[in-house]
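Taken from Swiss-Prot as is:
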- HIS445, ASP456, ASP522: Zn(2+) 2 binding site (BINDING)
- ASP456, HIS607: Zn(2+) 1 binding site (BINDING)
- 1-21: compositional bias 'Basic and acidic residues' (COMPBIAS)
- 336-345: compositional bias 'Low complexity' (COMPBIAS)
- ASN55: N-linked glycosylation site (CARBOHYD)
- ASN237: N-linked glycosylation site (CARBOHYD)
- ASN568: N-linked glycosylation site (CARBOHYD)
- ASN599: N-linked glycosylation site (CARBOHYD)
- ASN670: N-linked glycosylation site (CARBOHYD)
- 90-110: transmembrane segment (TRANSMEM)
Amino acid sequence: MRMIQRERKREKEEGQLKERTVVNMADPDDNEAEATGLQQYSGETTRDDNEESMNDSFTLTSRNRGRSNTISSIVSGYEIMKEHMDKEKFMYLILASLLLYMGFVAAFAPRTSLSRDFRRFHSSRLTNAEVYRIYLNSLQQENRAKEHVYKYAGYMSNGASDSSTFKYTLDEFLDMGYKPKVEKYYPWIGEPVDTNVAPLENGKVVYEASMIEDRVKGDPASHARKRQKGFHQYSKNGSVTARYVFCNYGSISDYKLLLKKNIDIEDKIHIVRSGKILPGLKVKNAELYGASSVIIYTDPFDDGKVTEENGFLHYPYGPARNPSYIRRDSVNYFSDTPGDPTTPGYPSKDSDTEHMSPVGRVPRIPSVPMSARDVQPILERLNGRGFQIGPGSNIKDFGSFTGPSSSIDKVHLHNELTYNIKEMSSVEVSIPGIFTEGEIIIGAHRDSLASSSAGDANSGSAILLEIARGMSKLLKHGWKPLRPIKLISWDGERSGLLGSTDYAEAHAAILRRRALVYLNLDNAISGTNFHCKANPLLQDVIYEAAKLTEFNGHEDWSLFDHWKYTSNATISLLDGLSSYTSFQYHLGVPAAHFQFNANDTSGAVYHSNSVFDSPTWLEKFTNSDYKLHNTMAMFVGLTTLMLSENELARFNTHVYLKKIYNWYIAWHSNLSSAFPQDDEVNSLAKRVLDLLKVATQEDSIQFDQQNGILYKECREALPVWAFYKKIKSYIKLQRSNSKSKQIDQLFITHRGLKDREWMKYSLLAPSKFEGSVGEVLPGLHEGLADIDRNEVIQWLTILLSQFSNVRYLLQ
């Protein structure tokens, strides 16, 4: 209405201005005509009249010019005002049109979810289902695992710092279109020179052990021109001649029993069988109890039912263990402090990195491995001496007697390695994500202690390359993962987890901030039974991925079906045997380990760290068509994609805390028994139990339920005008993911475990006395084992604080 009134007022003023202009412009012309007519009429004028007339004319002209300038200014102002008014109207019109268009779009535009928006804004239009389908199809249509296994095995010398396997891995990544990054480290490591064992009778050599496997028919790996004798990485150089004693598995309990039975074990060569505990701890225990050196052999008795004693033929004619089998190993104490023993707690990043003395992290006595066949004549001479120890033995004519040997029966042992600083290289491929945090890391080592290594190193490396190939197909379809993904080929793992430990120590701050999960491939294919060790947080995503993975190409039989049929889909505890050690126990990054391994009752016996771990053995007794490799590549890749492609971290905190709660209940009863009259200990233990119970039965359930609701919100399609709801969901999403990533890190302690400061995870660690199994609540357990009241109180206080922080985090 006001605009109409202003318009009318403007038109009225405009009309008045025009009238004035017409009048003023007409007067000069009329006066001029009148003056001309008078002059013509009179016919003549006087000079005075002319002068007067000129003066009047000048005055009139000046007056008319002043009027003309004023009128021009008014007209100009009017035009400017008119132009301004037109622009204002135009802007109003534009604004109104824009609002109308936005309203139309808001009313009729397709609904979108927060999940889809993440991808649209980053030009990634593949849905989760399409991502899974493309990845699985790429691996189902082609399986290159056999090619990779043979390529790696063909180099026949894939130890630490091997250049051939490094170059092959690097070239494969480059051919797929990746830009791999090479990280070099410089650890202190040994190169085997010679090992020798010879039994002596009255000072004379009875025979010299071969210290190497037989050349067998049909297996090219055993006929390689360059073959390495059995050795122990990080064993002490030296030669020893002494009497010997059989010490069963070499555990602390075995040695306590030997001392209880008054067996003389001082300054003897201790012969122990492999199994039960890590080789390094066997040598460590032997050194502690006065051994001069150690021999470790593999007893077929520990192979279960598949033995020659039970009628099975040995390899290559049957599934039983070949009697000439020798297991090479590392004997550094990596269940205490993994990695380079001369750079504990920091990476050997440069060639001039300071290296400390390895004392306390490696043995100070020599040790060597032997075959069952070579050790048999030595053990046989112990019969009737000492007492019988252990569960039994399949060493021919040996009754498991401890000895020691007679004064005329001795063994000469020689061990020699050359120790130097060597360059090692890990190869890393990064796939950037839409999010900058929440990395999923997949790792596999390519080194081994024996040539070939088809089941151990080469299978894991082949599967890693197949996963990379499947993801390269996705990248060609314009895929960009929500979370970043890394694939890493480790070096030096079999020597003592060198590559992964150096990497974790070098990138500790970044990994704590960004890493979400570490997935490990080690000894990936050595049998047909699927086995999984994992942090309980990952249970749900592992089960879901297994259900969506076809087992060996069978559409109606999933990996989960096979897993449940063979072992009831059991997820075991992590131990201290592989590359996940640094991630889980040092940094608090949830980890999982996957493998197909042998069945003790019917499966072929696996020849670990031996020349018999060859493609021939693999194809003959385990995986002739390499479909297990294909199944594993699909499963691990699918697990990675499920973690990466979901906006919400796929962690189940209730399952996680329920496991911890059950663990603690077991230790709580032990605490009451160990300190029955100690009110302070029992009161503190009860407070921890009550706090953990509330966190498990209330906080974790509520947190998981809220995450379930949030998951649906992220997938809910909303109109454009409801963008504020997406903003609220996004804020909640960021907060939830941050909490999920922090939960495991809350159990990282600065002090670490007693005498194992590098192990900082208070919920789980490799067993201090076995190493090959995981130990729950290790600080509390070790304090209880030593009946150390101060240590128990310290760990109860730590757990009380940590569980309080968990409750606060989940609320």
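From the backbone N, Cα and C atoms, a Cβ is placed for every residue, glycine too.
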**Item:** Within-chain partners of the compositional bias 'Low complexity' (336-345) [C-beta distance under 8 Å, separation at least 6 from its ends]
**Value:** 185, 187-189, 234, 353-358, 361-362, 496-498, 501-502, 505, 576, 581-582, 755-756, 758-759, 768
**Request:** Across all the protein chains here, work out how many other Cβ atoms are within 10 Å of the Cβ of ASP456 (Zn(2+) 2 binding site).
**Result:** 28
**Request:** Find, among the binding-site residues listed as HIS445, HIS607, the one whose Cβ has the highest number of other Cβ atoms within 10 Å in the structure shown.
**Result:** HIS445
**Request:** Out of ASN237, ASN568, give me whichever of these glycosylation sites has the highest number of other Cβ atoms within 10 Å.
**Result:** ASN237
**Item:** Candidate nearest ASP456 (Zn(2+) 2 binding site) in space, where candidates are the recorded positions ASN237, ASN599, HIS607, ASN670 and distance is Cα-Cα
**Value:** HIS607
**Prompt:** Rounded to a whole number, how many Å is the Cα of ASP522 (Zn(2+) 2 binding site) away from the Cα of HIS607 (Zn(2+) 1 binding site)?
**Reply:** 15
**Message:** I'd like to confirm something. Which of the recorded positions, ASN237, ASN568, ASN599, HIS607, ASN670, has a Cα closest to the Cα of HIS445 (Zn(2+) 2 binding site)?
**Reply:** HIS607
**Prompt:** Which are the residues of the chain, HIS445, ASP456, ASP522 excluded, whose CB is within 8 A of where the CB atoms of the Zn(2+) 2 site average out, their centroid?
**Reply:** ALA444, SER448, SER453, ALA457, GLY460, GLU493, ARG494, LEU521, ASN523, ALA524, SER578, SER579
**Pairwise Cα distance for ASN670 (N-linked glycosylation site)/ASN568 (N-linked glycosylation site) [Å, integer]** = 29
**Complete:** Residues near ASN599 (N-linked glycosylation site) by Cβ (under 8 Å) yet at least 6 apart in sequence within the same chain, in sequence order, are GLY527, THR528, ASN529, THR566
**Around the Cβ of ASP522 (Zn(2+) 2 binding site), the count of other Cβ atoms that are within 10 Å** = 22
**Fill in**
ASN568 (N-linked glycosylation site) falls, by DSSP collapsed to helix, strand or coil, into coil
**Asked** ASN237 (N-linked glycosylation site) to ASN568 (N-linked glycosylation site): how many Å between their Cα atoms?
**Response** 46
**Prompt:** Cα-Cα separation of ASN568 (N-linked glycosylation site) and HIS607 (Zn(2+) 1 binding site), in Å?
**Reply:** 26
**Request:** Within 10 Å of the Cβ of ASN670 (N-linked glycosylation site), how many other Cβ atoms can you find? Include all protein chains, please.
**Result:** 14
**Prompt:** Which three-state DSSP class does HIS607 (Zn(2+) 1 binding site) fall into?
**Reply:** coil
**Message:** Treating G and I as helix alongside H, and B as strand alongside E, what does DSSP give for the compositional bias 'Low complexity' (336-345) in helix, strand and coil?
**Reply:** 0 helix, 0 strand, 10 coil
